[in-house]
Structure formats: C-alpha cells, structure tokens
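Here's what TrEMBL has on this protein:
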| type | residues | note |
| --- | --- | --- |
| TRANSMEM | 107-126 | transmembrane segment |
| TRANSMEM | 138-158 | transmembrane segment |
| TRANSMEM | 164-190 | transmembrane segment |
| TRANSMEM | 230-251 | transmembrane segment |
| TRANSMEM | 295-320 | transmembrane segment |
| TRANSMEM | 332-354 | transmembrane segment |
| TRANSMEM | 361-379 | transmembrane segment |
| TRANSMEM | 385-404 | transmembrane segment |
| TRANSMEM | 416-435 | transmembrane segment |
| TRANSMEM | 455-475 | transmembrane segment |
Amino acid sequence: MTDENNVKIPLLPPSLPRWWRVLPSLLLLITITNIDNLILNDFVEDRYTKYYELNSSSTQNDHELCLNASRTSHNSTPSFLTTTTSKYPISTTKSINEQIQASTARLNVFLSLAATLPAILASIFLGANCDRIGRKPLIALPYIGKVIRYAILTAVAYYNLSDIWIIISTMFDGLSGTAALNILSSFAYVTDCTNKKTRTAAIVITDVSLSCSRLLPSLTMGLYLQHPHYVQAMIFTFALSVLGLIFSIFLQPESNLTVQHLNIFQQLKKSEFRPILKCFQVFFVKRQDHKQRSLLMLVAIHLLIIVMLCGNLAMYYIYLYGAPFCLDSFGVSLNIAAQTCATILLTIPFTLTIAKHNDHLGLVVLGCLTFMTQFVLLGTAKHIWTLYLAFSIGGAFYVLTPIIRARITKLVEPEEYAVVFILASVFESGGYYAISALTNEIYDLSLSFYQGLVYFFLALVGAITIVIISILYFLEHRPTTTTTTKSAVLNE
C-alpha cells in the first residue's frame with residue numbers, strides 16, 4: 001500500500017514557525033486591496049466624468065465642479081417647478097455632480113452583486129478545508145485572483161473597454177476568495193503558533209497591522225492620482241500581485257504540522273466536500289460551561305462588527321468625493337492617515353499592558369461606541385476638520401474589537417480554529433460585496449435629500465452590537481444554579 005498523497009516523510013520533525021511569519025503575505029495583499037479600492041473608485045469617477053462630457057484633465061476642475069454643486073444645491077429650483085429637459089440620462093432633478101455620484105454608486109452595486117456568490121462559494125469550500133489542507137494554499141489563492149483582475153483592468157484602462165469588463169474582473173477576484181480568505185487563513189495561522197496567554201496580543205497586533213497597511217498605499221496612490229495615469233497604476237498593482245503570489249508559494253512557511261511536508265499542489269489535492277458540513281456542526285457541538293452559547297453570541301458580535309467595517313470601507317471614498325467635502329484621492333488619504341496614526345498610538349500601550357492580562361467585553365463596547373461616534377460625525381459633518389476628528393476617534397475601534405477574535409479561539413479546539421471563522425470569511429468576502437451593494441443603494445436613494453443617512457444606518461448596527469455584548473456579559477456573570485445552591489446550603 002502506498003500513501004494516498006504519495007509523498008515522502010520528512011527527515012526533520014515538523015516545527016511551528018513564528019506567528020509573525022504570516023504578516024508579509026497578509027499585509028502585501030491588504031495593501032493591494034487598499035490600492036484597489038482607491039484606484040477603482042477614482043477610475044470609475046473619472047470614466048463617468050468623461051461620460052458626462054466634463055473636463056476631467058485636472059483634479060482642480062472636478063473639485064470646482066463639486067464645490068459649485070455644493071453651493072447651488074440649497075438654492076436650486078424644486079424639480080416640480082421646472083420644465084427643463086436634461087440631456088443626461090440618469091435624472092432631471094440631480095446636478096451633474098450628483099449624477100456622477102449616482103452612476104458610480106450604481107456601478108458599485110453591480111460590481112458587488114457580481115462578486116458576492118463566487119466569493120461566498122470559494123470562502124465556504126476552501127475555508128472548510130483550511131484545517132485539512134493547511135493555511136498556505138488559502139494565503140496564496142487570493143493573489144491569483146488579483147493577478148487576473150489587474151490584467152483585465154489594465155486592458156480596460158488602456159483600451160477604454162466597457163464597464164462589463166470591470167465586472168468580469170471582480171468576478172475573478174471573488175472566485176479566488178478575495179482578501180477575506182487570506183485573512184481567515186492568517187488568523188488561523190496566528191492561532192496555530194500562539195498559546196492562550198500570547199494569543200490576544202498577537203491577534204490585536206495582526207488586526208491593527210491590517211488597518212495600518214492602508215496608510216502607505218493611501219498616501220502614495222492618493223498623491224499619484226492627483227495627476228492620474230491609470231494604466232501605469234494598474235500595471236504596478238499587477239506587478240505587486242505577481243510578487244505576492246511568488247512569495248506566498250515559495251517563501252511562506254506552513255503552520256499546520258500535519259501537511260507541512262507537502263507542497264501547495266499536494267495540499268490542494270486533499271480538499272473534499274465533506275468538511276463543509278463541519279462548518280455548521282462546529283456551532284452546535286455541546287461544550288462545557290455554556291461555551292456553545294458564548295461561541296454563538298461572540299460569532300454574531302463578530303459578524304456585526306464586520307458589517308460596520310465593510311459598510312465603512314464601501315462608503316468613505318464615494319462619500320468624501322461628493323459635496324460638500326469634494327475631496328480628491330489625496331484628501332481622502334489624509335483622513336485615512338489620521339485614523340491610522342491614532343490606531344498606532346493606541347495600539348502600542350494597549351498591547352504592552354491591557355491586552356496581556358484582560359479581554360473584557362467592556363473594551364469591545366468602548367470600541368463600538370467610538371466607531372458609532374465616527375459614523376454620526378460623518379453623517380452630520382459640514383466641515384473638513386470634522387472628518388479628521390471623526391476618523392481619529394474611530395481609530396480606537398480597530399484596536400479594541402479584535403478582542404472578539406481572541407475570545408472565539410479560546411472556546412474551540414485547535415482543529416476548529418479555521419472552521420469557526422468561515423462565517424466571518426463569508427461576510428468579509430461575499431458579505432463585503434453584499435453590504436457594499438446595500439450601502440451604495442442607500443446612498444444613491446438618499447443622495448437627493450440627505451446623503452449622510454447611510455452612516456446612521458451603520459451606527460444603528462453598532463447599537464445592536466452593543467446590546468448583544470451587554471446580554472452576553474450578563475449571561476457570563478450571572479450566578480449559576482450550582483453556585484446558588486451552594487450559597488443556600490452554606491447559609492443554612
């Protein structure tokens with residue numbers, strides 16, 4: 001009988017790598033994703049600006065157009081009093097700037113819907129097999145999607161192809177699992193290589209690193225896109241994707257000791273459909289001391305946190321590009337930089353002190369409150385300084401909410417680390433596109449009367465999250481039946 005994998009047993013015993021060895025692959029992919037968001041939003045806005053026959057050769061002209069729309073919006077004639085017929089196909093009641101914003105939001109909806117199903121299927125199948133095939137394949141596969149995506153987008157920018165090709169590129173990205181699949185595997189990787197004592201700090205550092213990875217691409221690409229050359233930008237991102245793919249295949253170590261001796265193709269051959277059932281079973285396994293109930297509630301909290309994150313990510317480019325702020329890509333990047341700096345300043349003392357000894361749910365509540373404050377300030381802001389204040393306050397959210405991930409891993413067995421995060425992966429991949437579609441639709445519908453409405457919707461999600469956290473805290477700290485009985489006996 002030969003081994004089913006037909007591979008040799010390694011001469012040296014397998015050993016766990018350092019947990020931080022996953023950070024280069026993870027952060028490079030998130031950097032590419034952040035460049036993707038910035039380029040695509042700017043690229044789509046530029047395409048629609050040209051479509052409406054406007055002079056988009058310089059950012060200043062677009063900026064002046066937006067400001068003019070902002071100044072005249074309060075003095076415009078109501079739509080039911082005018083008989084003027086517009087030559088633009090979207091709406092006769094919207095300014096040209098609003099029509100560009102509405103068209104961009106509508107394309108974002110189509111992009112989101114096109115990627116949702118492929119991303120969900122890829123996340124479920126590959127995520128369910130993560131504990132079986134190892135972490136490395138799931139770290140590498142999203143790079144393949146990025147390579148294909150940017151090969152297509154380069155052609156779109158160079159040949160001025162139709163929007164359908166942008167949608168097709170997004171579908172390929174979804175089929176590879178998107179960055180969410182890499183995030184799922186990376187957190188399982190960190191969990192493999194840490195113990196319960198060091199895990200909270202490691203997960204917080206990893207999560208904060210994801211947030212901080214936005215800083216460099218946002219500033220550099222934001223500055224570059226003030227005088228954009230989209231073809232060169234697409235080629236640069238394509239090259240980064242190829243580099244990441246090579247690194248993740250040949251230089252990324254494997255943390256799953258049972259498959260550490262296999263190459264990536266042998267690992268992928270071990271994939272099966274049977275582990276998919278385990279995705280659902282893991283939440284219904286009977287566990288001691290009400291761990292099952294705590295696990296379900298923590299996962300629900302985690303998913304709501306992802307809704308807030310995805311909604312925020314989907315909106316702030318298009319929202320800040322529009323009136324009354326009329327920021328360009330560099331202006332948006334400065335706001336992201338303010339939030340990143342606040343996050344870094346909070347992370348250093350938090351990981352050195354509180355994270356080593358405390359994972360209290362009250363810290364997560366505080367993080368949610370800061371994000372809700374950011375949403376309310378963004379929804380009501382009229383001045384640019386308010387934006388900086390909002391993003392700086394919201395930085396605490398990225399430091400405090402990773403506690404939920406750490407608490408989840410402490411309730412499950414080592415072989416369940418990846419499986420338990422599959423729902424989160426679905427939300428972060430397919431769910432991101434669905435949430436993006438929803439928030440862009442809300443933004444499109446409310447654009448004519450109150451464009452900040454979408455942020456109050458996200459703040460409502462934060463309020464629901466805090467309610468569930470409060471219920472979980474009450475259930476964890478209420479006296480158990482056994483404790484009550486013992487107290488009664490002692491009193492007698």
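Each position is counted from 1, following the chain as shown.
Here the Cβ of each residue, glycine as well, is placed from N, Cα and C on the backbone.
Automated prediction, rather than curation, is the source of TrEMBL annotations.
Only residues 6 or more beyond the boundaries of the transmembrane segment (230-251), in the same chain, are considered here, and those with a CB under 8 A from a CB of the stretch are 24-25, 28-29, 31-32, 35-36, 39, 43, 46, 136, 139-140, 143-144, 146-147, 149-151, 153-154, 157-158, 221, 224, 264. For the transmembrane segment (332-354), same-chain residues at least 6 beyond its ends with a Cβ under 8 Å from one of its own Cβ atoms are 38, 201, 204-205, 208, 211-212, 214-215, 218-219, 221-223, 316-317, 320-321, 363, 387-388, 391-396, 398-400. Cβ atoms under 8 Å from those of the transmembrane segment (385-404) belong to residues 200, 203-204, 206-208, 211, 298, 301-302, 305, 308, 320, 325, 334-336, 338-343, 345-347, 350, 355, 359-361, 363-364, 366-368, 370-371, 373-374, 377-378 of the same chain, restricted to positions at least 6 beyond its ends.
Long-range contacts of the transmembrane segment (295-320) within the same chain, counting only residues at least 6 positions beyond its ends with a Cβ under 8 Å from a Cβ of the stretch, are 37-38, 41-42, 45, 101, 104-105, 108, 112, 283, 287, 327, 331-332, 335, 364, 368, 371, 374-375, 378, 387, 397, 401, 404-405, 407-408, 411-412, 420, 423-424, 427-428, 431-432, 435-436, 438-440, 443, 451-452, 454-455, 457-458, 461-462, 464-465, 468-469, 471-472, 475.
Distant neighbours of the transmembrane segment (107-126): 44, 137-138, 141, 163, 166-168, 170-171, 173-178, 180-181, 184, 271, 273, 276, 279, 314, 318, 422, 425-426, 428-434, 436-437, 440-441, 444; these residues of the same chain sit at least 6 beyond its ends, with a Cβ under 8 Å from one of its Cβ atoms.
Nonlocal intrachain contacts for the transmembrane segment (138-158), taken as residues 6+ away from its ends with a CB within less than 8 angstroms of a stretch CB, comprise 22, 25-26, 29, 32, 36, 40, 43, 122, 126-127, 130, 165-166, 168-170, 172-179, 181-182, 184-186, 189, 230-231, 234-235, 237-238, 241-242, 244-245, 248-249, 252, 264.
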